[in-house]
């Protein structure tokens, strides 16, 4: 393979960019090397085009399918997706890939390459897939499609808009209204005599990666916050994420202190953490540093560091040994290598172990459990990593999921993502009755993290989204989700407002999320969908039958049509309410 051109995702985006092209009508688009008149577009009847989606080019191509060998067909490129459909086989083979999922485009082979299907393109995707296409070698046949995919998959690098800004989808509900910061803080029970709301960051002057509304200790003045910001990486000061209504313990999030090699101290920062501790009378404030100890020490060389015992005498520092984003990416790359395209079952367990993926998941889950347990017992905590982005949000959001049943509802989960991940910049284990939403919601969220169909995950922080007018110019993912919530509802959900979830963070109990990571393998798809989804559907039908029968029994019991039925009741006869309990218990 000769690597001619490669481009990674634009680093200013929280998700991968897509390139929409807004200059030609549907079915009459243009390519860099051909006039509109010379392109003959076939009807794209197999896929519903999105409002605002436009065709760019069609091309005969061969898809090197890893499961069905080489498949002849036609590829359609729009300003939103790459769509392929085979033309030479009874077995339908289709691909529907949002362009934002693409992370690399490479030219495969050259004009003098030998061997069948050795000349073409290889596309690397962020959803665990690699796609290979072959074309004829004469006449630079791949040039036009390569340039179009390259341009539309990385629009910002070509002075073009993201598809989210061109989408014309309309929904009854405005998903941008799902999360209102003040409304969520009031639900938690703040502001109060211990915690206050500050608008010091209303123009993003204190911290350009924090939201405008922050909750801080009542006794801390805005001048205190400014001084603390000078001693925290990227000025990301400790602010409240969650408040325990009963014991008043809190989860605070921030970035590392700027201690440096010389061991600098900041009296304002030390006093500020003491104010957090004093707010609910916590004896010792627990600081959870997500990093391995050795990494935190190494960060001193670049001006960072951690809270030492000598400076923070009323605090206990706990390192959680969670590795940084670079280690996680390498682990995920190894995982991709063993799940796509083929899964080698004879060495599956050893191969999975060698990726260390589940070990990383275990450490994050274990850390979140420690945070939740400490807060549940009445002690306040501070959580940070280096800059307070990825690992911090993983820990705080997972702990909040365990502590607060509201976040386990469909709407509450949306609020959690908006608050802890989107608002403050920047997976889960299932419990069958604890969450109102199902697994499909998680897959949809992950897919649209990259698709750029919605504006929800665009850019890295609130200030960037505001400067690009994302709320006004794009559609929220939650508009789509909430337009048909039945797709994402768990019918076995049982609300329990006071229950704290404590999953078992043990390697023996962790499993790879096959539904997401191995979903492209047809054989695995069949295995996972057959028993689980079929049984799921059967139970839903059975539940509906029971409820219908129950209604009939209630109607017959309430009808005064027979004195025999009325007088024949015995102490052992079940009342309608008792029947409801009995019939609904299994579900």
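From the backbone N, Cα and C atoms, a Cβ is placed for every residue, glycine too.
Model, not experiment: these values are computed from the prediction.
As given in TrEMBL:
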- 385: active site, phosphocysteine intermediate (ACT_SITE)
- 324, 325, 385, 386, 387, 388, 389, 390, 391: substrate binding site (BINDING)
- 175-517: domain 'Myotubularin phosphatase' (DOMAIN)
- 355-401: domain 'Tyrosine specific protein phosphatases' (DOMAIN)
- 558-587: region 'Disordered' (REGION)
Students should find that the Cβ of residue 389 (substrate binding site) has, within 10 Å, a number of other Cβ atoms equal to 21
What are the helix, strand and coil residue counts for the domain 'Tyrosine specific protein phosphatases' (355-401) according to DSSP? 33 helix, 4 strand, 10 coil
Roughly where does the domain 'Tyrosine specific protein phosphatases' (355-401) sit in mean pLDDT, to the nearest integer? 96
Suppose we draw a 10 Å sphere around the Cβ of the residue listed as 'active site, phosphocysteine intermediate'. How many other Cβ atoms does it contain, all chains included? 28
Largest pairwise Cα distance, Å, within the listed substrate binders 324, 325, 385, 386, 387, 388, 389, 390, 391? 12
Apart from 324, 325, 385, 386, 387, 388, 389, 390, 391, which residues in this chain have a Cβ no more than 8 Å from the mean position of the Cβ atoms of those residues at the substrate site? 290, 392
Number of Cβ atoms other than its own within 10 Å, given for residue 391 (substrate binding site): 26
